[in-house]
Amino acid sequence: MFKDFFNRSKKKKYLTVQDSKQNDVPAGIMTKCPKCKKIMYTKELNENLNVCFNCDHHIALTAYKRIEAISDEGSFIEFDRGMTSANPLDFPGYEEKIEKDQQKTGLNEALVSGTAKLDGIQYGVAVMDARFRMGSMGSVVGEKICRIIDYCTEHRLPFILFSASGGARMQEGIISLMQMGKTSVSLKRHSDAGLLYISYITNPTTGGVSASFASVGDINLSEPKALIGFAGRRVIEQTINEKLPDDFQTAEFLLEHGQLDKVIHRKDMRETLSNILKIHQEVSN
């Protein structure tokens, strides 16, 4: 009996202690700037249009937040919300990836389109959302863009398109690449009707999107420090065997070389677009 008592006393005993410093902050209440790493209240950041208070970095806006920022309250009417991608090439795992992004973002595809009013002026709008398959352009994205452009042409409306994309969607192969020409044809009809197309290029816009509808606006605008280009920086450097400038493929570089009309801080986005639409309306009338 005594022997058992002493044997028991030699066994290690553990006690679970509750962490007094347990994180009680609800998920989503704070946001970290991806550039300077400053942590900010999400609510205050949203009120500042997702622009970092510390370094002025323009953090991505969701498609609906972007539309809300540039339209009169309650004026947005969404088109083709239910359209979703098929898997024409039977690409392995594609349906699962689409489903995952749908659950994560609440979107059916990488673009939201429709009509809205800004200071009473009606216009067509399409906004790419890079959270969904990196904003890549597949058959649904191309079709939705063409439908809203054709609607604007028929109803003689100006059109604004916000690009944010990694390019053509590889899982759809040539069908994805076809959207470059398809959207350009719709834009040509819109242009031939004497209507205004504003291309607003945001970070990042690359690949087939930068080489098609994003670059052919009557007015091409962008946000500070936005990454805009076709091929990646490393690919270009290896191809030409030269070191590229530090600001290569930024909005400021493109502005300096005549490929953009203006780089606009997000706080000035609404006012700038409103002024352009008002001028266009006066000239059209």
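Backbone N, Cα and C atoms are what each Cβ position is placed from, and that goes for glycine too.
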Per Swiss-Prot, the range holding zinc finger, considering 33-55, 56-78, 125-147, 194-216: 33-55
Reduced DSSP assignment, Cys55 (Zn(2+) binding site): coil
Least surrounded among the binding-site residues, given as Cys33, Cys55, when other CB atoms within 10 Å are counted: Cys55
Sorted by sequence, non-Cys33, Cys36, Cys52, Cys55 residues with Cβ within 8 Å of centre, Zn(2+): Pro34, Lys35, Lys37, Lys38, Phe53, Asn54, Asp56, His57
